[in-house]
Number of protein chains: 2
Amino acid sequence: MSTQAESVTQSDVDRLPLDIERIHELAEALLPVSEQIDADLPVEDRKLNAKLVELIAILHELHPADVAGLLESLPQKERALVWHLAAPEEDGEVLLEVSDAVRETLIETMDQQELLAAVDDLDADELAELAADLPHEVVYEALKTRDEEERAQVAAAMSFEDGQVGAIMDFELVSIRADVACEVVLRYLRRFESLPDHTDKIFVVDDNDVLKGVLPVRKLLVADPEERVENVMATDVVRFRPEDDVEEAALAFERYDLVTAPVVDANKKLIGRITIDEMVDVIREESEADMLNMAGLQEEEDLFAPIWDSVKNRWMWLAINLCTAFIASRVIGAFEGSIAKIVALAALMPIVAGIGGNSGNQTITMIVRAMAMGQLSGSQARRLLKKEVGVALVNGLIWGSAMGLISWLLYDSPGIGLVMVAAMTLNLLLAATVGVLIPVAMEKAGRDPALGSSVLITAVTDSGGFLIFLGLATIFLL
Amino acid sequence: MSTQAESVTQSDVDRLPLDIERIHELAEALLPVSEQIDADLPVEDRKLNAKLVELIAILHELHPADVAGLLESLPQKERALVWHLAAPEEDGEVLLEVSDAVRETLIETMDQQELLAAVDDLDADELAELAADLPHEVVYEALKTRDEEERAQVAAAMSFEDGQVGAIMDFELVSIRADVACEVVLRYLRRFESLPDHTDKIFVVDDNDVLKGVLPVRKLLVADPEERVENVMATDVVRFRPEDDVEEAALAFERYDLVTAPVVDANKKLIGRITIDEMVDVIREESEADMLNMAGLQEEEDLFAPIWDSVKNRWMWLAINLCTAFIASRVIGAFEGSIAKIVALAALMPIVAGIGGNSGNQTITMIVRAMAMGQLSGSQARRLLKKEVGVALVNGLIWGSAMGLISWLLYDSPGIGLVMVAAMTLNLLLAATVGVLIPVAMEKAGRDPALGSSVLITAVTDSGGFLIFLGLATIFLL
């Protein structure tokens with residue numbers, strides 16, 4: 001079973017937002033009778049019953065992907081109600097589409113029977129995707145009804161880690177031999193009940209299933225029926241190994257405008273394929289993960305997660321932030337004597353720290369992005385550093401002078417103004433240097449350069465900024 | 001002309017990073033003789049000449065998308081050299097693939113003749129995409145060689161704004177009537193030299209070009225040849241209007257796993273189509289723009305832009321940051337009297353401000369993301385606010401107490417400890433409230449909630465944090 005793009009029941013995409021608002025209203029109105037609904041008892045109140053009928057009608061019209069988006073947008077009680085009312089034959093699809101956090105909340109509400117029914121129609125790769133979140137008995141029972149080949153496929157897919165091509169490949173392959181005529185291929189295809197989603201090419205293999213090439217459907221359709229496949233097929237194929245990184249695969253899909261691509265094992269034997277819809281999810285998740293990581297959230301969060309779950313998702317970065325803030329605080333503490341003498345320092349020091357953090361974040365974001373796109377290798381680090389230091393110097397002199405002038409006028413002290421200029425320039429230089437070095441070092445260490453980079457750079461520019469500013473002030477103003 | 005996924009000359013995606021490193025080396029080695037190369041003069045030095053030959057060989061083997069990525073990763077001088085050596089017949093494709101910032105630097109190095117040759121092979125929609133960056137004479141000359149229909153297509157595509165479906169749709173349509181047999185369709189298709197890229201469905205129209213449905217190729221291939229198109233086609237089609245927002249379209253492609261979709265005018269007449277490769281670019285650019293905006297970069301930046309260009313790209317957010325930092329500084333200034341009496345306040349206040357900023361950024365990032373996915377409407381704001389305030393309260397009590405205890409021990413003053421607990425909790429509550437309200441207000445005002453949200457929240461939590469902490473300290477400790 002697969003989502004069929006062509007059978008979307010919405011005749012117009014614009015309708016969707018309206019439906020969601022209406023469903024929210026209906027679900028909220030039905031909350032008081034949710035116990036009856038849960039027990040499949042009739043709702044006596046006439047008006048409420050009309051609303052129930054309307055809600056069910058809307059839900060059964062929606063595409064599984066829309067149901068998934070809807071469930072993610074609903075608070076937990078309304079979500080449980082809507083999930084109970086949604087078309088059960090689409091349960092499996094919906095579970096595949098929702099975010100991990102929401103999937104857990106949905107599975108919790110289902111008994112073993114419902115779960116088995118939900119996963120019954122799924123392909124082997126889809127079952128493997130859900131398996132980690134399902135109770136063991138359900139996976140065990142679900143596998144019992146599958147044949148040998150499918151069980152092997154599920155096991156194969158589950159043996160790869162998240163982030164590996166093997167974990168998201170599917171097994172719906174149409175393959176042919178190279179030595180047949182295109183007409184034979186067309187006749188062969190006609191014997192299928194239906195072709196897999198996204199079939200933009202047919203895989204050409206030899207007797208041992210070794211990949212020889214691909215026959216794009218759009219070439220098959222215009223080819224002379226007498227022509228043999230080997231004369232039409234493309235042999236320079238972008239192929240993947242199941243151990244490959246999915247983000248690399250997604251970049252290749254993006255670069256070469258692929259719709260599907262074969263996955264081969266070490267002996268070049270065709271074992272599966274990956275499709276653009278999975279790659280789009282990878283791209284979306286990758287950039288989201290970068291954004292969430294930079295903001296200090298560990299993972300995608302259910303919008304309406306219980307408070308305690310949210311606290312757990314966020315505590316780590318808050319704790320790290322507190323530690324770095326504490327270090328910055330101790331730096332200031334070391335200069336308490338200076339601040340006691342010139343209280344103005346206390347008011348000016350956050351400006352120096354702030355501009356360093358902002359500028360460093362600009363640098364690091366640009367570099368993290370270039371690295372994600374595979375455009376930056378370590379050998380260019382020196383050159384980039386030179387450029388970023390140049391930018392920091394210009395910015396430091398411009399903005400430092402502006403703020404130096406203001407400080408001078410404000411506190412009627414040219415000394416404070418000059419210290420401001422020097423401290424802002426130096427902290428911007430520090431930010432540029434560390435902004436280049438952190439992601440380069442992270443990548444060399446084989447770690448994700450996005451992870452925590454923003455927190456790290458702010459830590460450096462805060463403590464560094466306070467140290468530079470208060471240090472200079474202590475030396476020159478006291 | 002279009003990028004053909006099947007003819008990628010890399011036989012293995014893994015080869016690419018190696019090539020890029022090698023090209024960097026070669027380009028750097030050839031820099032001293034770049035003037036001869038530019039003038040197409042022979043390079044006398046034997047070793048250098050060998051390197052030149054190697055570089056040209058590698059470049060002519062690369063896919064245009066790889067050349068584009070490579071050019072983006074090169075410093076300006078090396079970039080000009082490589083661009084001069086790349087296969088001229090692919091120039092148009094490469095210009096389409098590179099980022100806007102880099103495209104400008106490439107076009108600058110080309111004369112009118114080269115530019116005309118580069119755009120000669122492009123489709124109407126591709127020419128329209130480049131037109132804004134090309135000199136007027138070049139566009140004028142390029143249009144002269146096109147026929148009436150193509151000129152109209154270029155004009156149509158250019159009449160839409162960036163971000164509208166009309167600006168990225170293409171005109172490579174294969175359409176058929178509903179009342180013919182599938183066999184006739186197959187014979188009709190065979191008369192084409194080649195089918196457009198990504199042809200996963202054929203559009204079914206009536207005599208007036210009004211869209212009646214779509215015939216998925218994978219259904220055509222398995223259909224009974226005698227069957228009429230109207231009995232096989234899908235009539236519930238996700239279609240777009242040229243005025244539609246591309247980000248909405250990309251979400252629909254993602255949800256319904258589309259590869260292509262028709263674009264129709266107000267009379268439902270078929271006028272173009274959009275394809276998944278463009279949507280992938282939209283998704284990538286959208287999330288990048290959010291990341292860059294949050295970090296305070298106005299637009300995607302050429303990694304090796306001249307220093308002055310980088311300064312211009314970054315000055316605005318730095319200026320805004322300085323203004324908000326200055327306000328925070330004045331808040332502190334108002335409490336100089338208190339700080340003079342208890343210098344410890346100066347050391348502790350950045351902790352209160354920092355945790356508020358970090359926590360507020362967590363909240364706002366989560367909400368901006370949910371809004372981008374269309375999962376959050378204004379009506380849920382109240383409920384979300386309640387949840388976020390709850391999370392803030394828990395975090396405030398936990399982390400506030402921890403830091404309060406530390407402050408108490410550090411400064412041997414239970415009063416300072418209690419003020420710390422209260423200030424951190426209050427600032428976290430402020431961060432949660434503003435973190436929900438800023439994006440909701442931005443969206444109600446019809447603005448992009450990502451834009452500047454991070455700077456705004458930090459401004460509030462900085463000034464607010466200083467005010468709360470120093471205010472409480474002044475009231476209770478002095």
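For all residues, glycine too, the Cβ spot is worked out from N, Cα and C.
Predicted automatically and left uncurated, TrEMBL annotations should be read as such.
Here the structure is a predicted model, which means the values were calculated and not measured.
Residues or ranges marked as domain 'CBS' by TrEMBL: A:233-291.
Outside the transmembrane segment (A:315-333) by six or more residues, the chain places 296-298, 339, 349, 353, 452, 455, 458-459, 462-463, 466-467, 470 with a CB less than 8 A from a CB of the stretch. Look at TrEMBL and you will find A:315-333 (among others) tagged as transmembrane segment.
Listed as Cβ neighbours of the transmembrane segment (A:339-357) (distance under 8 Å, sequence separation of 6 or more from its ends, same chain) are residues 328, 332, 399, 403, 407, 411, 413, 416, 420, 423-424, 427-428, 430-431, 457-458, 461-462, 464-466, 468-470, 473, 477-478. According to TrEMBL, the transmembrane segment annotation covers A:339-357 (among others).
Residues or ranges marked as transmembrane segment by TrEMBL: A:389-410 (among others).
What TrEMBL lists as transmembrane segment is A:416-442 (among others).
Here TrEMBL flags A:454-477 (among others) as transmembrane segment.
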Report summary line: Beyond a gap of at least 6 residues from its ends, the CB atoms lying under 8 Å from the transmembrane segment (A:454-477) belong to 294-296, 317, 320-321, 324-325, 327-328, 331-332, 334-335, 338-339, 342, 345, 348-349, 352-354, 356-357, 359-361, 364-365, 413, 415-416, 418-420, 422-423, 426-427, 430-431, 434-435, 438
**Report entry** Residues in the domain 'CBS' (A:233-291) grouped by DSSP into helix, strand and remaining coil
**Finding:** 27 helix, 15 strand, 17 coil
Requested in this report: Within the domain 'CBS' (A:233-291) only, compute the mean pLDDT.
Outcome: 92
